[in-house]
Amino acid sequence: MERHSLNTSVKMPVSASLACKNYDYDYDSIQPYFYFDNDDEDFYHHQQGQTQPSAPSEDIWKKFELLPTPPLSPSRRQSLSTAEQLEMVSEFLGDDVVSQSFICDDADYSQSFIKSIIIQDCMWSGFSAAAKLEKVVSERLASLHAERKELMSDSNSNRLNASYLQDLSTSASECIDPSVVFPYPLTECGKAGKVASPQPMLVLDTPPNSSSSSGSDSEDEEEEDEEEEEEEEEEEEEEEEEEIDVVTVEKRQKRHETDASESRYPSPLVLKRCHVSTHQHNYAAHPSTRHDQPAVKRLRLEASNNHSINSSSSNRHVKQRKCASPRTSDSEDNDKRRTHNVLERQRRNELKLSFFALRDEIPEVANNEKAAKVVILKKATECIHSMQLDEQRLLSIKEQLRRKSEQLKHRLQQLRSSH
């Protein structure tokens with residue numbers, strides 16, 4: 001079964017047959033564990049025709065180590081030939097199946113490689129079989145020394161680099177550096193998530209033999225310091241942004257609370273009814289009382305008008321005292337409307353009194369207390385026209401009498417002068 005590697009480069013091909021895998025850094029390369037290819041747990045591709053080995057599963061961490069992890073830094077080791085790959089895989093797996101896990105098409109990362117045999121995964125921070133791992137590593141290193149001697153004998157087919165095997169022998173003394181596990185800087189990650197804590201140091205018994213480890217360690221420490229500083233700056237920026245968001249939310253909540261308080265406790269509206277007495281004509285009353293009604297109605301109307309005006313003015317003063325809210329415009333409109341209604345009632349009452357007085361002056365409808373306004377107006381018009389005609393007739397008679405009197409005076413004067 002072909003496994004996806006955790007250290008795949010960005011520039012490497014994606015296909016399963018040509019996937020570049022750091023098999024020498026995977027713990028499974030030293031002590032492999034496999035699963036059956038079930039439908040529920042088909043996490044990895046497998047080669048057709050390959051038999052599935054048995055799955056020893058006592059340790060719970062053996063299941064988690066097969067899960068995929070975030071991509072890591074590209075491999076810096078030299079690319080191996082197909083013959084070397086076959087020999088290495090047959091040594092580790094004890095199987096005749098050709099594994100293409102060491103094929104790497106990119107030559108930019110073939111100058112050096114990471115010198116750690118432990119898998120570059122944060123899951124190894126909780127691995128409980130450290131002693132067992134050290135034992136297996138020491139045994140496999142011895143087998144690698146023997147294999148190196150066999151491979152160096154055949155220079156045509158085997159071109160395994162001596163520094164590669166030496167670095168394998170010295171890799172047990174090195175610990176995993178956080179910059180190796182998390183090779184990409186935080187600014188290029190798109191702020192997808194915060195970097196986990198670095199793995200604990202696992203020191204093995206094999207002493208170091210290469211002098212290049214000190215330089216790489218110092219570079220790794222510098223990279224680690226830079227990453228920590230960038231991480232702190234990003235955390236501060238995120239905290240500032242969060243604080244700004246909280247302030248805006250609080251402001252909105254305050255506004256919402258003020259709106260809710262205004263809606264729950266609106267400003268009290270002082271609404272007082274103005275008692276305006278509307279006096280209607282008593283059509284059922286006796287005709288003898290028609291002359292006394294206008295004066296009484298006028299007195300009552302004046303008293304009611306004074307009372308309504310006083311009440312409206314008092315309501316206006318009370319409203320101005322109590323209403324100190326944004327709804328003062330509405331209250332003023334209500335006061336104006338109320339005053340207008342009072343004045344309109346007063347006008348109607350005066351109009352009724354005028355009709356009643358006019359009806360009493362017309363002889364034809366003077367005794368008809370149920371006469372309509374239109375009838376009163378028509379009869380009043382006819383009465384006016386008749387009065388005008390009578391006036392003209394009387395004026396003409398007066399003029400005739402004046403002339404006749406003048407003639408009589410002139411004749412009397414002549415008679416006196418004759419004597």
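In case you wondered, yes, glycine gets a Cβ from its N, Cα and C as well.
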Segment assigned the feature motif '9aaTAD' in Swiss-Prot (from 6-14, 87-95, 168-176, 393-401): 87-95
Tally of DSSP helical, extended and coil residues in the domain 'bHLH' (335-387): 42 helix, 0 strand, 11 coil
Whole-number mean of pLDDT values that fall within the domain 'bHLH' (335-387): 91
Counts of helix, strand and coil residues, the region 'Leucine-zipper' (394-415), according to DSSP: 22 helix, 0 strand, 0 coil
